[in-house]
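The feature domain 'KARI N-terminal Rossmann' is assigned by Swiss-Prot to 14-208, with sequence analysis given as support. Residues annotated as NADP(+) binding site in Swiss-Prot: CYS45, GLY46, ALA47, GLN48, ARG68, ARG76, SER78, ASP108, LYS109, GLN110, GLY158. Positions annotated as active site by Swiss-Prot, on the basis of sequence analysis: HIS132. Taken from Swiss-Prot, the feature domain 'KARI C-terminal knotted 1' covers 209-344. According to Swiss-Prot, the Mg(2+) 2 binding site annotation covers ASP217, GLU389, GLU393, on the basis of sequence analysis. The Mg(2+) 1 binding site annotation in Swiss-Prot covers ASP217, GLU221, and the record cites sequence analysis as its basis. Summarising the annotation, Swiss-Prot assigns domain 'KARI C-terminal knotted 2' to 345-487 and lists sequence analysis as the type of evidence. Summarising the annotation, Swiss-Prot assigns substrate binding site to SER414 and lists sequence analysis as the type of evidence.
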Amino acid sequence: MSNYFNTLNLREQLDQLGRCRFMDREEFATEADYLKGKKVVIVGCGAQGLNQGLNMRDSGLDVAYALRQAAIDEQRQSYKNAKENGFEVASYETLIPQADLVINLTPDKQHTNVVETVMPLMKEGAALGYSHGFNVVEEGMQIRKDLTVVMVAPKCPGTEVREEYKRGFGVPTLIAVHPENDPKGEGWDIAKAWAAGTGGHRAGCLESSFVAEVKSDLMGEQTILCGMLQAGSIVSYEKMIADGIEPGYAGKLLQYGWETITEALKFGGVTHMMDRLSNPAKVKAFELSEELKELMRPLYNKHMDDIISGEFSRTMMADWANDDVNLFGWREETGQTAFENYPESDVEISEQEYFDNGILLVAMVRAGVELAFEAMTASGIIDESAYYESLHELPLIANTVARKRLYEMNVVISDTAEYGNYLFANVATPLLREKFMPSVETDVIGRGLGEASNQVDNATLIAVNDAIRNHPVEYIGEELRSYMSDMKRIAVGG
């Protein structure tokens, strides 16, 4: 197999990267009806597999789980997840031949083996579904020409897919049809019905492509969504401890600060997040974020370049073939960082205190969101895709840090995201430590400005506000958030 994206000519690459259209609610008028009366078989029963299946069943679809015989015989967690929720569970050989739609929701590194195993069992004219297109785009999986290949990619962890559905809402979702596999022209009907079955149509669906989903998803998770949270947590904790701030307070400010700060981001973009600061703090955060953007732009661009070229995938798949030696080593190193081991504290931190004493975190979020967005759009990815993979998902990932620090983040995200996170953080951490943090004081991380006056120069404040509000991520964000007015509140601090 060879990288599918690299087999396309430049015009085809740009066309696929630029596929992104916000779909009208009317396009989902029939909701999941196209799949009713048909057999949906999910392979894999982890967070996405279980929660998508629960939603689809509640939407009136016939859902079952195909697991490896060993997983059934040994009653592994995937078997328990499906069985305890009342689903039909059986082997590949039993269920796959019955399926009209087979949905592969196993981890990325298992996709080639899973698809090669199930494809011979699939009946003529069936459909194969993915929630991430890595196997198709980066590994170049060749799929039988009689099979329709579709993607439904919820833009959040599986647990949120279920919780939002139970509220009568959903999560924003990318849907796509593989242009090489739509023999009957029914791909979009299948994808729309699957998305509606999960509830995604209520929050808004983007008509995308396998290529656009993969390239933007990899970029977001490696940089702002995971890598920046990891690097920022490590260097900020080190700075506070070195400058005499109590470890329990320092750790808690970071662990829950990311979540609280990005909650504001979720509802009103970078503009609202920055508006939560006093005027002097906003100006300071803006100045810091400008420094960070200048320092880190080459690193963001390198990650985008390596994703587009396929170099990232080649490197990661080489580690897969080497039993994940690098992944496991980096995971162990992360577990040994000072932030991961800070002592629990019952110190109370108010919501506003996370902003007042976490000015640096606000600066890092603004810089990271804008850098990721700019790198993606400069590479041909449309604004809508870039927004979802930079700003929109950030509160959801920050929520995992709040639960169990970086460990939880790296457990919840995919192995692909975790590997990319370490690649970024392993460079970003020493870069920040050596080139940025020496000039940072605890007035922006740990203690706050403590200003006696809220006075700032009017011209300076106007210029800062204009720069924040007129960034392209703010324009597209305002439009897309208008479709998600029923978003629930995630956090107000720990």
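Here the Cβ of each residue, glycine as well, is placed from N, Cα and C on the backbone.
Mean per-residue pLDDT, taken over the domain 'KARI C-terminal knotted 2' (345-487), amounts to 94. Cα of GLU221 (Mg(2+) 1 binding site) to Cα of ALA47 (NADP(+) binding site): a span of 18 Å.
Ranking the recorded positions ARG68, LYS109, HIS132 by how many other Cβ atoms lie within 10 angstroms of each Cβ puts ARG68 at the bottom.
With respect to their backbone Cα atoms, ALA47 (NADP(+) binding site) and the residue listed as 'substrate binding site' stand 11 Å from each other. ASP217 (Mg(2+) 2 binding site) and CYS45 (NADP(+) binding site) are 22 Å apart (CA-CA, integer value).
Taking the Cα atom of each, SER78 (NADP(+) binding site) and GLU393 (Mg(2+) 2 binding site) are about 26 angstrom apart. Secondary structure of the domain 'KARI C-terminal knotted 1' (209-344) per DSSP, as helix, strand and coil residue counts: 117 helix, 0 strand, 19 coil.
Comment: NADP(+) site residues CYS45, GLY46, ALA47, GLN48, ARG68, ARG76, SER78, ASP108, LYS109, GLN110, GLY158; largest CA to CA distance 21 Å, whole number.
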